[in-house]
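A short worksheet on the structure shown next.
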Amino acid sequence: MTKTDPAPMAPPPRGEEEEEEEEDEPVPEAPSPTQERRQKPVVHPSAPAPLPKDYAFTFFDPNDPACQEILFDPKTTIPELFAIVRQWVPQVQHKIDVIGNEILRRGCHVNDRDGLTDMTLLHYACKAGAHGVGDPAAAVRLSQQLLALGADVTLRSRWTNMNALHYAAYFDVPDLVRVLLKGARPRVVNSTCSDFNHGSALHIAASNLCLGAAKCLLEHGANPALRNRKGQVPAEVVPDPMDMSLDKAEAALVAKELRTLLEEAVPLSCTLPKVTLPNYDNVPGNLMLSALGLRLGDRVLLDGQKTGTLRFCGTTEFASGQWVGVELDEPEGKNDGSVGGVRYFICPPKQGLFASVSKVSKAVDAPPSSVTSTPRTPRMDFSRVTGKGRREHKGKKKSPSSPSLGSLQQREGAKAEVGDQVLVAGQKQGIVRFYGKTDFAPGYWYGIELDQPTGKHDGSVFGVRYFTCAPRHGVFAPASRIQRIGGSTDPPGDSVGAKKVHQVTMTQPKRTFTTVRTPKDIASENSISRLLFCCWFPWMLRAEMQS
């Protein structure tokens with residue numbers, strides 16, 4: 001296998017903010033483990049990560065015996081070990097201290113850089129403290145060892161212009177923040193990063209809702225009144241809950257606490273605008289609903305994607321402003337009507353969702369009033385809605401060439417009937433054979449007989465039969481995963497049962513909308529993309545070279 005030289009991906013030149021340092025000298029190979037550590041740092045050329053012969057995985061696993069032989073083999077070079085560290089997988093990041101120690105044993109200078117990402121071993125250690133992928137304890141052990149050997153906290157990656165403290169704040173690792181600031185110079189805590197609008201580490205923590213890192217930075221003297229290039233202090237870059245998507249109501253609790261923490265930390269001599277958006281806390285919820293033509297119990301559409309029943313409107317403890325609580329038709333929510341221990345309404349688990357008032361509109365396809373008059377959706381009267389389905393079907397027969405707008409919306413809201421041809425997950429075609437509740441999962445499910453044997457069963461799950469089809473032709477999917485692509489394929493005699501199931505469906509099809517980017521997204525897109533490049537590109541490059 002020939003090694004690919006990613007020369008076109010060379011890091012850009014240093015910015016003005018980078019500390020003065022001696023010129024790095026590229027070296028072709030790492031020194032042997034017995035060689036003394038060099039006096040000057042160098043930039044190591046990029047290399048692919050070594051893997052055992054006939055290895056089943058595309059990433060390096062330090063827990064595997066074959067990989068351990070490579071890791072502890074003196075012939076494994078420093079560039080190859082840097083390539084292993086670049087792999088953003090838990091198996092590698094949890095062993096950052098072991099791999100880092102092997103790099104140092106081979107004579108690596110404590111401030112040597114990886115030629116592909118321009119990151120030092122201390123940068124990698126701070127990144128490895130990320131919760132979920134990394135291990136903060138292992139990252140702290142390696143960082144303490146590097147700092148004891150004289151690692152420079154002020155060095156920056158030329159890709160992201162971030163130093164070690166910026167990485168620790170970005171990945172919300174307060175233990176690393178304490179270690180880095182313990183012996184660092186005072187000006188390090190307020191050092192700025194050009195890719196985050198020349199904001200400090202406190203700005204980075206605030207904009208990414210890193211509450212733990214923000215508290216630690218304030219404890220160590222971070223300036224809460226320092227302004228970035230846009231004239232914003234850290235409290236002003238905290239994401240506003242009103243701009244968050246529908247599934248981030250819980251994150252609003254963190255945003256509120258973080259903004260309060262930063263505002264209270266600002267000296268009294270510094271004046272800050274306490275309100276950046278209109279405050280509707282004193283507006284009664286019923287007046288807000290009346291202005292929108294809504295009332296509790298109405299069928300609503302959230303952000304053009306999810307349908308449900310309006311259960312609450314008013315102020316909340318987790319964020320300022322007016323919020324609406326909706327009981328969704330499908331278990332696609334985040335709660336049961338309570339957030340942070342405060343109950344606002346009652347609904348089944350995973351069917352409650354909070355959203356700003358601006359993201360709610362009245363659903364066109366409203367069900368009978370009996371469905372919205374009680375907190376919990378009761379079982380529907382099939383005999384009555386079946387007749388309604390027949391009337392709609394007859395109306396379409398009278399004028400098939402020009403159906404009314406109402407009938408089209410009814411068909412769209414119904415998704416599909418038994419016997420309809422559908423597309424599952426945008427990939428598999430089949431015919432609807434079942435719709436209703438199941439024993440294997442809550443909510444309503446479609447049972448589809450696929451055209452090809454790419455399914456999971458023959459219409460039965462865990463011994464319960466819902467429909468009949470050939471083996472491996474059956475699959476179940478929620479309404480959000482199917483798309484109607486044709487009419488019914490069943491004989492006319494089966495249409496009555498189809499209408500009955502047709503009217504039970506109450507979900508709107510999901511539509512694709514262009515996400516509105518907030519100023520925070522636009523301001524930080526360069527830094528985020530570069531950071532993701534440093535994490536993922538080396539692994540992608542390795543996979544491409546193997547293929």
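Residue 1 is the first one shown; counting continues down the chain.
Keep in mind that glycine also has a Cβ here, set from the backbone N, Cα and C atoms.
Going by Swiss-Prot, these are the annotated features:
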- 1-49: region 'Disordered' (REGION)
- 117-158: repeat 'ANK 1' (REPEAT)
- 160-191: repeat 'ANK 2' (REPEAT)
- 197-229: repeat 'ANK 3' (REPEAT)
- 365-413: region 'Disordered' (REGION)
- 367-377: compositional bias 'Low complexity' (COMPBIAS)
- 436-478: domain 'CAP-Gly 2' (DOMAIN)
- 488-547: region 'GoLD' (REGION)
- CYS534: S-palmitoyl cysteine (LIPID)
- CYS535: S-palmitoyl cysteine (LIPID)
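With a cut-off of 8 Å between Cβ atoms, the residues of this chain six or more beyond the repeat 'ANK 3' (197-229) that come close are 17, 165-166, 168-174, 177-178, 181, 186, 189-191, 235, 237-239, 251, 254-255, 257-258, 261-262, 265-267, 270, 520, 523-524. Taken as a whole, the repeat 'ANK 1' (117-158) shows an average pLDDT of 94 in this prediction. Residues of the repeat 'ANK 3' (197-229) grouped by DSSP class, helix first, strand second and coil last, total 16 helix, 2 strand, 15 coil.
The helix, strand and coil residue counts that DSSP assigns across the repeat 'ANK 1' (117-158) are 20 helix, 1 strand, 21 coil. The residues of the domain 'CAP-Gly 2' (436-478), classed with DSSP into helix (H, G, I), strand (E, B) and coil, number 0 helix, 18 strand, 25 coil. Across the range of the repeat 'ANK 2' (160-191), the DSSP-based residue counts are 19 helix, 0 strand, 13 coil.
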